[in-house]
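S.K.: Let me give you the structure first, and then I'll get to my questions.
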Amino acid sequence: MDQLAHHFSEHIVELNRRVAEIIAREKLSGLVIHSGQHHRQFLDDMNYPFKVNPQFKAWVPVIDNPNCWLIVNGRDKPTLVFYRPVDFWHKVSDVPDAFWTEHVDIKLLTKADRVAEFLPKDITNWAYLGEHLDVADVLGFTSRNPDAVMNYLHYHRASKTQYELECMRQANKIAVKGHQAAKNAFYNGGSEFEIQQQYLSSVGQTVNEVPYGNIVALNQNAAILHYTALEHTKPAQRLSFLLDAGANFHGYASDITRTYAFEKNSFCDLISALNAVELAIIDRIKPGVKYTDLHIETHHHIAQLLLDFNLATGDAAGLVDQGITNVFFPHGLGHMLGLQVHDMGGYLHDERGTHIPAPEAHPYLRCTRTLEANQVLTIEPGLYIIDSLLDELKQDSRKQQINWDQVAHFRPFGGIRIEDNVIVHQDRNENMTREFGLID
């Protein structure tokens, strides 16, 4: 924790530097950042689970308390207006006293609608950052989520501070424990629901605390890219298991995927081959490399796997050029990772918001930036048997290059995805996921 405290001091200095630069450029007095508010369920008296504004948790690891505010101007100590109502219905958050509190000026707010008393007297030249524009209107903000400010913050968010990197290491360390427990639950005969419970118990987080809905997929369910159904019934035959699950630490996410075969067979060999592809692509990561180039290179590796495992015929370059690899690997290679699972800034060329579009042939790629030191990325190649995409392919001449008997052989296994979280350093890569022990 001492190391976190040391890094947090530097983190706040860097965030203040960024704010000072952008508000000077945009002639603003400062930023007022709203943690967010509860959303009430329609025709009900219950709220949806609260999700904090990522711009807010960049400054303080307060991720579960609505109606909080930050007042920052890049010069003075940030002011945290911390919501602490008098409430006998709900648990009221304790006044923070952790390592980071010495770096902010904490003021307590007991009634959410009295926040104006804590804001600058004249907010004409202050920008509101947050989701609730109706609240911003009531408070009198005329500058709300200005594009120039948001683009600047999102662009620079890709460059992680040492504090952020340490938080993400801890998020990986926690998630690795969950993955190991889930793997054991799979081999011990657990259902998807039971495996999920083992994972959550091991990471010590609820379904609303982990950074995204876990994908716990047995057998053919692994072909559904964002499968979250969680069947309670155990399958009659246990073939494969895909787990895409992360953990949260101080508001920072990990995002890890592994795939397992229940028995030693050709699907197990395919997993090993894709694992080798993933590691080869990670070895290619270094500052100056375009993420788009890594994605396209991965498609050539996938093409070779299709040939090696007799799923397709022809040559690797042709399979890529004809879009056949897109049928088996339809998503992007990965994305930026941080305060959000799909962290902001992945398409930005510069701090003014110049957009770098994904290649026309690869529209689902979530990152098109040139890599730099201190960025954190996921690398997650996949290979799936997705019937809806294969049905489209059957409509044209490309169907002749597919070995449909081999497709049928692999269909019950669903698919494979392998995903690690990687820090780009100037002279090396740091594969956090593997370094914490999730080797396979």
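Placement of Cβ uses the backbone N, Cα and C atoms for every residue, glycine included.
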S.K.: Taking Swiss-Prot at its word that ASP244, ASP255 bind Mn(2+) 2, choose the one of GLU26, GLU419, GLU430, GLU435 listed for that site.
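M.R.: Mn(2+) 2 site check in Swiss-Prot: besides ASP244, ASP255, the record includes GLU419 out of GLU26, GLU419, GLU430, GLU435.
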S.K.: Name the residue, out of HIS299, HIS300, HIS335, that Swiss-Prot lists for the same Mn(2+) 1 site as ASP255, GLU380, GLU419, please.
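M.R.: Within the candidate list, Swiss-Prot flags HIS335.
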S.K.: An 8 Å radius from the center of the ASP255, HIS335, GLU380, GLU419 Cβ atoms defines the neighbourhood of the Mn(2+) 1 site; name the other residues of that chain inside it, in order.
M.R.: ASP244, ILE256, THR257, GLY334, LEU337, THR378, ILE379, ASP420, ASN421
S.K.: From the centroid of the CB atoms of ASP244, ASP255, GLU419, the recorded Mn(2+) 2 site, which same-chain residues not already listed sit within 8 A by their CB, in sequence order?
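M.R.: Surrounding the site, in chain order, are ILE215, ALA245, GLY246, ILE256, THR257, THR378, GLU380, ARG417.
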S.K.: Are there any residues at least 6 positions away along the chain from GLU380 (Mn(2+) 1 binding site) with a Cβ closer than 8 Å to its Cβ? List them or say none.
M.R.: THR257, GLU278, HIS331, LEU333, GLY334, ARG417, ILE418, GLU419, ASP420
S.K.: Quick check for the class: what is the C-alpha distance, in angstrom and rounded, between ASP255 (Mn(2+) 2 binding site) and HIS335 (Mn(2+) 1 binding site)?
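M.R.: It is 10 Å, counting Cα to Cα.
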S.K.: State the count of C-beta atoms found within 10 angstroms of the C-beta of HIS335 (Mn(2+) 1 binding site), not counting that atom itself.
M.R.: 20
